[in-house]
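Participant: Structure provided below as structure tokens; questions to follow.
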Amino acid sequence: MNIFELSFLSGVLTATAPVLLAALGGLICQVAGVFNIALEGQLLWGAFTAVVVSDVTGSAWTGVAGAIAATVLFSGMLSAASVGLRADPIVVAVGLNLLALGLTGFLMRRIFGSGGTYSSPELAGLPTLAELGLDVPVLGPQSPLVPLALALVVAAAWWLGRTRSGLRVRAVGQHREAAEAAGLRVGAYRHGVVLVAGALCGLAGAQLALGNVTLFSEGMSAGRGWIAVVAVMLSGVLPYRLLLACLLFGFAEAVGFRLQGARLPQQAADAAPYVITLFALVLAAVAARRRPKEAS
């Protein structure tokens, strides 16, 4: 296995993109003081609605737009409950994750007539960059959402660090009382970032279902939303660190995919990305505990 092959690097980016898009939503929420662990459910809901809309309309881009709109509406429940009603965000998010899992399975049977996996020759997938005349050899045969995800990291870093609205979002998360005293509408900013996270998870789901593959299967998010939450925790709410954390997962998933061809149990190959991510989280936690001791 040569990790410097373009095909391997392309696989890393393909695996990274959905997690990165969802994690960006989680990071923006975290900056504003909202701990969003509903990324798993939002990503799954985005993937499902992308496939349904694409299948009905015959257009992958309409599927992407439908996924964004549907996931923003879905995230509105988190916003209304945790920000508006001040319910426990952890409890609300867990409920939404379970709702997405159950609802997508139920609707899949109602719409497509069967559970498990849905794929059809008529289902339109996202075009590659080469098909759009924008071939970038180092990226490989990626959908346009992959470079968009990378560009959004730069945009998020600039927005949070250089713009008035981004600095206000930081103020809302770091010093709520001071922000309120300065006349900032804390609730409005927090509602806004949760909805933005929903839009990003919609993009993540569309990339997963129409870019990485062209199908929907029950539970196809497969823990990627939780990996996105871990990436946010590893990032220290810094977009470039978030990118590195997501690339680590993408690298691990690409390695796991290559290991499927080796003489290893399928379960070991499937578990590799999550084991590596867990190991990284443990190392980050140990490093975080050592910093205060070194400072003292």
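Every residue, even glycine, has its Cβ placed from backbone N, Cα and C.
Sharing the record's features from TrEMBL:
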- 12-39: transmembrane segment (TRANSMEM)
- 59-78: transmembrane segment (TRANSMEM)
- 90-112: transmembrane segment (TRANSMEM)
- 144-161: transmembrane segment (TRANSMEM)
- 226-251: transmembrane segment (TRANSMEM)
- 271-288: transmembrane segment (TRANSMEM)
Participant: Thinking of Cβ pairs under 8 Å, which stretch from 12-39, 59-78, 90-112 has the most of them with the transmembrane segment (144-161)?
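Facilitator: Looking at each of 12-39, 59-78, 90-112 in turn, the most contacts to the transmembrane segment (144-161) are made by 12-39.
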Participant: So which residues does the transmembrane segment (12-39) touch in its own chain, when a touch means Cβ under 8 Å and the partner is 6 or more beyond its ends?
Facilitator: 75, 78, 82-83, 89-90, 92-94, 96-97, 139-140, 142, 145-146, 149-150, 152-153, 156, 160, 169-170, 172-174, 176, 189-190, 193-194, 196-201, 203-205, 207-208, 211-212, 224-229, 231-232, 235, 237, 239, 242-243, 245-247, 249-251, 253-254, 257, 273
Participant: Considering only Cβ pairs under 8 Å, which range in 59-78, 90-112, 271-288 makes the most contacts with the transmembrane segment (226-251)?
Facilitator: 271-288
